[in-house]
Amino acid sequence: MRTRGSRNWRSRASSGSGTRSWSIEATDRNLSQQCDVAEHVRQRVKLYPAQTVKRAFRTNPVSVSLRSKSGMHSTFGMLIRRESLLQRMAESTGQGVGRDELATLKLLALDGALDESTKVSCADLAERLDASNQTASRRLQRLEDAGLLARDIVSDGQEVELTGDGERRLQSEYADYRRIFESDASVDLTGVVTSGMGEGRHYITLPGYMEQFIERLGYEPFAGTLNLELTAESVRKRARMSAIEPVTIEGWEDDERTYGPAYCYPASIEGSDSEYEPAHVIAPERTHHGEEQLEVIAPEKLREVLELADGDEVIVHVSE
């Protein structure tokens with residue numbers, strides 16, 4: 001039973017041995033949201049002996065008291081951040097997305113769910129995953145809760161399709177494997193030239209950034225960026241850039257504000273008639289641009305050197 005306002009929870013449960021009964025009181029003075037800690041403890045005690053429960057909560061921000069019928073009790077004070085408890089509770093209630101869920105996502109993509117809605121049944125999926133129907137169903141639910149999968153329950157199964165986030169998650173996994181098996185990771189991105197808002201000119205010329213550009217990139221960039229709108233295919237491929245080691249431009253601050261870091265990926269720019277390098281794809285940590293927007297810096301004004309106008313298509317070769 002939960003007492004409103006006090007954030008104290010009580011529950012009764014078997015210790016797991018069948019011979020002892022425990023009264024459980026869990027007090028949490030730090031959580032900013034209502035988490036049913038007692039239920040979490042109760043489930044743990046039902047499955048495991050008391051010492052196992054004690055170990056399970058050793059890194060949680062709660063005070064848990066297990067009291068036997070004879071009146072003997074022990075209390076453990078937990079002082080770690082609340083995120084630890086939230087993470088454990090999420091794992092125990094099936095909210096996390098781990099390697100098993102990613103394996104399921106990959107299997108669905110291989111079935112065609114990357115490009116269109118695909119019908120699946122939990123029984124068939126469970127057999128292919130070597131898991132129970134309940135486990136397969138839980139994995140689908142976790143993927144949906146995480147925004148990686150869209151589901152529609154129909155009379156004879158489920159229609160599933162990877163979301164944009166789901167596709168990017170697999171692209172990121174793919175990029176990791178490329179780093180393992182390929183010595184020189186690379187990705188080609190296609191986009192059309194667009195006009196920016198002029199923000200690139202302002203930020204590039206700030207001393208805190210410009211000094212690092214010169215030192216770490218080996219050139220003084222032109223005061224402005226080449227803005228590109230990527231094709232749908234290149235938006236999907238963009239996650240592969242995580243396999244490439246960027247040049248980090250550190251964040252800094254002045255008397256008025258702080259400025260976030262940026263990451264520069266070595267690149268060359270291919271226009272209709274010529275190719276230009278050196279250049280860098282710049283990815284500020286703080287940006288209002290979406291995944292479809294790409295910014296490129298170079299020592300010269302790329303529009304003039306490559307004779308580009310809005311709407312022209314270019315290919316950005318990003319590599320280490």
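Here, residue 1 is simply the first one shown, and the rest follow in order.
The backbone N, Cα and C atoms fix where each Cβ goes, and this holds for glycine too.
Quick look at what Swiss-Prot annotates:
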type: COMPBIAS; residues: 1-10; note: compositional bias 'Basic residues'
type: REGION; residues: 1-186; note: region 'H-T-H motif-like'
type: REGION; residues: 1-25; note: region 'Disordered'
type: COMPBIAS; residues: 11-23; note: compositional bias 'Low complexity'
type: REGION; residues: 187-320; note: region 'Riboflavin kinase'
type: BINDING; residues: G196, M197, G198, E199, G200, R201, E300, K301, L302, R303; note: CDP binding site
type: BINDING; residues: T225, N227; note: Mg(2+) binding site
type: BINDING; residues: T287, E295; note: FMN binding site
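Here the features listed in Swiss-Prot are placed on the structure.
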| residue | record | DSSP class |
| --- | --- | --- |
| G196 | CDP binding site | coil |
| T225 | Mg(2+) binding site | coil |
| T287 | FMN binding site | coil |
| E295 | FMN binding site | strand |
| E300 | CDP binding site | coil |
Count up the helix, strand and coil residues in the region 'Riboflavin kinase' (187-320) according to DSSP, in that order.
33 helix, 51 strand, 50 coil
Largest tally of Cβ atoms lying within 10 Å of a Cβ, found at which of the binding-site residues E295, E300
E295
To the nearest whole angstrom, state the Cα distance for the pair E295 (FMN binding site) and G198 (CDP binding site).
12
Near the Cβ of G196 (CDP binding site), how many other Cβ atoms are there if near means within 10 Å?
15
List the residues of the same chain that sit at least 6 positions away from L302 (CDP binding site) in sequence and have their Cβ under 8 Å from its Cβ, in sequence order, or write 'none'.
F222, L226, I269, Y276, A279, V296, L308
Fewest-neighbour residue among binding-site residues, criterion Cβ within 10 Å, set T225, N227, T287:
T287
Spatially closest candidate among T225, N227, T287, the listed binding-site residues, to G196 (CDP binding site) (Cα to Cα)
N227
If you count, for each of the binding-site residues G198, G200, the other Cβ atoms lying within 10 Å of its Cβ, which residue has the minimum?
G198
Cα-Cα separation of N227 (Mg(2+) binding site) and G200 (CDP binding site), in Å?
9
Between the Cα atoms of T287 (FMN binding site) and G200 (CDP binding site), find the distance and write it as a whole number of Å.
11
